[in-house]
Amino acid sequence: MRTFLLLTFLSLLTISWTRLEAQESIIPQDSTDFGDFLVLQDQVPGLSFRWQIKDKSLPESLLLDSLFLFAKTDSGYISQPMEHFAQLHEMSSRFGLDSLNVGLSYRVYSEEVSWQGAREYLANLVRNGDYQPIYEVKDVSEDLVVLAKKTPYSPFLKFKILFISDYKLFIVTAVIIFFFVVSIVMIIFMIILKVKKSKREQHKKEYENLIIDPLTSLLFEKELDEISVMKASDFHAYFPAELLQKVLFKEVLIQKIIGLNKKMKGEFKGKLKTIYQKLDLDKMSIQSLKSGKWYKITQGLVEINEMDLVEALTEVKGHANSDNFHVRSQAVATLLNLSEKVDLNFLKDQTFPLSEWQQMNYLRIIKFVSNVKPLKLEVLFESSNQSIRVFGIKLVRMLGRLDLLVNLANISEEVGLEEQIEILETYETLGAHMEVGFINRCLSSENEELAFAAAKAAFSLGDENSVKLIYSRLAKDQLSFKLKKQLLKTLHALDISKFDQATIGASDPISGQIRAHILDPLLSHV
Amino acid sequence: MYSFLFYFLLEVFGLMFLILSFAVISIYILLMILSALEMRDYLRKNRFADYGDIITSPIAPGVSILAPAFNEGMTIVQNAQSLLSLHYGKFEVIIINDGSKDDTLEKLIESFELEKTNFAYFPEIETKPVRGIYRSKNMSFRRLVVIDKENGGKADALNTGINVANMEILACIDVDCILSSDSISRMVRPFMEETNRSVIAVGGVIGIANNCDVQDGTVTQYRVPETMLGKYQVIEYFRAFLMGRMAWSRINGLMLISGAFGFFKTDLVRKVGGYFPKTVGEDMELVVRMRRYMEEAKIPYKLGFVPDPLCWTEVPENAAILSRQRNRWMRGTIETLQLHQAMRLNPKYGILGMISYPFWAIFEKSAPILETAGLLYTLILLVTGDFSAIYFFALLALMYLLSLLVSAFSVLYEQVAFNNYKDKKDLRKLIWMIIIEPFTVHPKIVWWGLKGHIDFIKGKGGWGSMIRTGFKKAEDKKNIQTQATTS
Amino acid sequence: MKKILIIEDDLLISSLVQFRLKKDGYDTHLVQDGNEGVKAIDTLNPDLIITDVMMPFRSGIEIIHHAKKHQPDTPIIVLSSLGEEEQVVLEAFNLGVSDFIPKPFNPNELAIRVKRILQ
């Protein structure tokens with residue numbers, strides 16, 4: 001930026017410099033024109049001239065002319081010095097009749113110079129601003145270029161108006177136009193949005209009121225088998241036929257039925273489902289799966305899930321590996337919920353890592369379906385997606401699948417760290433005493449996290465071996481505070497005398513602090 | 001020659017202001033569009049979220065709420081009670097008594113049946129000495145931890161809390177904030193959602209509680225504050241939160257999460273060394289440092305933002321207090337930018353270095369200076385009788401219109417998305433405020449910002465030079481001794 | 001005729017409940033948020049209150065507090081949208097509610113419980 005400013009500054013300077021030079025060039029370049037130019041000036045300070053005649057004799061009239069006051073020299077005659085150039089023309093006319101060898105000699109102060117010398121002197125004066133040349137006032141009809149060349153130059157003011165005001169005008173106009181166009185577009189957009197939205201809201205409210213009463217009476221007055229034999233036209237007694245054609249009305253209806261379905265129990269659920277299908281709302285839900293917009297697809301999936309539309313399962317499957325997070329999660333949730341036997345292979349084949357949010361949703365559904373359907377969790381252990389494998393182990397823990405502990409034991413040695421940590425936690429929660437060998441192996445791991453998880457698991461599952469391992473590790477290793485605290489806690493739970501040995505009289509103050517912490521009754525139950 | 005220089009400078013500044021105003025208009029319009037898109041997506045996403053699930057799910061992360069308290073004896077018990085009654089499964093409330101001179105600690109001990117414990121923790125971040133850690137005998141207060149320590153300022157108190165915290169996520173809040181009961185579950189959601197990036201922090205919206213009815217921790221009736229400064233801040237908060245941060249979060253360019261309500265990943269906060277107690281802008285500085293750490297470690301990450309109204313606070317309506325707050329904010333901004341100047345226009349830091357940092361440097365830090373200069377400039381043009389003064393007048397008018405547009409849009413957002421101010425009268429008051437604000441309150445805000453600059457330049461002390469030279473790397477904070485002799 | 005106050009923000013649910021209870025010959029009143037609920041308790045003097053726990057402005061717990069303070073003898077049935085969340089159930093029974101029905105629920109079952117309580 002700085003260099004840019006400097007450059008502009010310099011270029012501005014050069015521009016003004018050339019303009020000054022141009023002014024000086026107004027002085028003519030050949031001797032006759034220069035003479036004419038001087039006539040126009042009349043007087044130039046320090047510049048004078050003398051007439052020089054290179055003839056042996058001079059007419060009487062000229063000799064006596066008091067204007068010239070010719071004096072005789074070796075080569076001819078020379079006039080007195082004169083300063084009024086305006087008289088030049090008049091004077092030369094006096095020489096006119098006689099064919100004399102007349103010449104003009106210029107003088108700067110008292111020094112004789114050539115006409116070029118005189119010109120140089122004048123140019124200098126102009127350049128330094130010591131002399132303002134007078135310009136000939138000419139008719140505009142004459143050459144415009146010549147005229148322009150002779151127009152006096154005033155450096156700064158002119159420059160400003162011509163250049164600066166133009167770009168300012170340009171930018172300001174651009175900014176204003178830009179601002180107004182964009183803000184008008186935005187305002188119109190917002191107004192349209194608001195009007196559309198409030199219209200929609202209004203319609204929705206209206207429809208809601210039209211739906212609540214008929215739906216309520218339909219649910220209480222008719223039994224399930226009565227509803228299932230109703231024809232489409234029978235519903236027109238409840239919902240006006242022309243409204244059932246409207247998409248928005250159907251959307252509100254879907255929304256209401258689903259909302260109710262979530263909060264109802266018993267025979268009402270069945271009735272709602274039948275109404276949903278009889279009104280062809282299920283076709284709408286399935287249709288929205290083909291939409292290009294993620295939120296419409298997700299909405300469709302939610303509806304299919306809520307209303308148990310098993311016939312749409314193949315289409316749902318197509319979305320299970322979608323790029324969109326919400327579509328993917330909802331599709332998987334729907335599949336888990338609706339599949340006849342819960343085949344977790346599609347989950348195993350997911351390529352995207354599972355987020356905690358998805359795990360939470362899937363866990364809720366799997367928990368629910370595991371009560372009614374057989375669940376082959378172990379397929380998840382074979383997934384090539386690490387987050388799925390970890391989730392599989394978590395599920396063993398959270399669903400309390402003691403039968404799968406054997407499977408975990410089989411894979412525990414070759415899986416990665418994260419899975420091992422998860423397995424340790426599962427052993428701990430499920431009380432897998434037979435796996436203490438694995439726990440003890442992990443206790444001496446170099447990896448902090450793994451050793452920590454092992455120490456936690458050993459708290460309730462440890463044996464004499466664990467005590468030995470912990471005790472020796474406490475004695476020789478430099479441990480982080482977190483790991484040390486857990487090891488001591490575990491040691492305290494397994495063998496109090498060893499715990500006392502490790503902490504009483506320990507050289508470092510930290511062991512003492514941790515000991516006090518562990519023995520504090522207020523902290524032990526937290 | 002002098003007059004030449006004068007006119008030349010006039011031209012250069014003129015060009016600068018023209019470019020600047022063009023940039024201001026384009027950037028604000030861009031921000032408006034970005035925030036509108038983000039808001040639309042958020043509302044769509046929200047339709048499919050079941051927050052009730054997070055409360056009980058074993059997969060949801062644990063949250064440690066850190067609330068520093070200094071001389072809060074009057075309200076501390078009620079505030080602690082409302083924090084303890086938040087709807088969430090796995091959380092603890094850590095109240096840090098920062099050497100209060102009143103009976104804050106005594107009141108807590110008495111009301112919650114606290115007892116001093118031998119709680120052992122690792123002081124990973126250096127802080128002022130801790131006098132005791134208290135817990136309750138009563139099982140209903142099992143979530144409460146009270147730390148009593150010597151006074152060291154808000155950042156130091158939070159650092160102590162960070163050392164003691166047990167959960168994966170830290171929620172740093174002002175103890176006098178009113179939190180809606182579902183605030184934790186909503187704020188935790190962004191942490192759980194990402195699959196390929198790690199979410200390092202989540203910011204929330206702060207609402208203004210002045211003149212509103214509050215009952216048991218939620219605002220039951222919204223009303224616009226009575227005073228001009230209060231009303232101004234309502235609009236300002238809409239602008240900052242609903243528009244500004246929403247837009248920045250869309251391009252993952254957030255640089256500030258309000259210190260009154262921010263959620264962070266515990267391990268990362270510890271890794272970068274916690275808050276920096278020697279700056280007045282500790283909340284912004286921490287976020288910038290965490291981001292910088294992730295950029296330097298080249299780990300993909302994201303900052304989340306939740307626009308739901310979940311947290312309310314009383315804002316100062318008194319000019320003297322507000323001026324001090326603004327002065328502090330300005331100094332905090334300058335200090336943070338100074339500390340992390342290594343990122344300025346550095347492509348290594350991606351959006352943070354190339355967009356967020358320059359934006360903050362020009363539009364937040366230098367805004368009061370540029371605005372004053374622009375006004376002076378127009379005045380000079382007017383005095384010298386320059387023809388182009390009229391353009392600059394047009395530009396000023398344009399800036400005014402822009403401020404109207406931006407403010408009106410943020411109020412509209414609030415109306416479309418949440419519609420909390422239901423009374424038509426309140427809306428009228430806000431609109432009137434939008435119209436007069438540029439002439440009444442705004443000049444004061446600019447002046448307080450300028451004073452912040454002046455105070456920063458005047459600021460002395462051992463940490464002044466530290467702040468001026470800045471951190472070379474994000475971890476540098478860890479290497480300096482915070483327990484210094486200053487203060 | 002016994003007066004029943006229903007405090008529930010979901011209009012469809014509440015009108016369903018209302019429809020069912022009207023069939024049994026009760027005089028039912030409907031309000032849709034916590035603030036209205038508190039007002040209605042004071043002015044209406046109902047024989048039974050049915051309330052949700054999560055509502056705009058005031059939670060069901062607050063409403064129970066209010067009702068127990070001003071009309072300690074009026075029985076209360078909680079219709080919980082929070083399911084059977086332990087904390088809520090405990091708190092509600094601690095405050096002395098007569099019954100706790102988690103959603104999803106069956107309106108017929110609700111009607112039976114109402115009848116039993118009002119006898």
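Just so it is clear, glycine is given a Cβ too, placed from its N, Cα and C backbone atoms.
Within the set B:229-246, B:247-264, B:373-390, the record from TrEMBL flags B:247-264 under the feature transmembrane segment.
Proximity of distant same-chain residues to the transmembrane segment (B:400-418), defined by a Cβ-Cβ separation under 8 Å and at least 6 residues beyond the stretch ends, is recorded for 24-25, 28, 32, 35-36, 39, 43, 235, 238-239, 242-243, 307-309, 427, 430-431, 434-435, 437-438, 442.
Residues of the domain 'Glycosyltransferase 2-like' (B:64-211) grouped by DSSP class, helix first, strand second and coil last, total 43 helix, 49 strand, 56 coil. Along the domain 'Glycosyltransferase 2-like' (B:234-401), the predicted structure has mean pLDDT 90.
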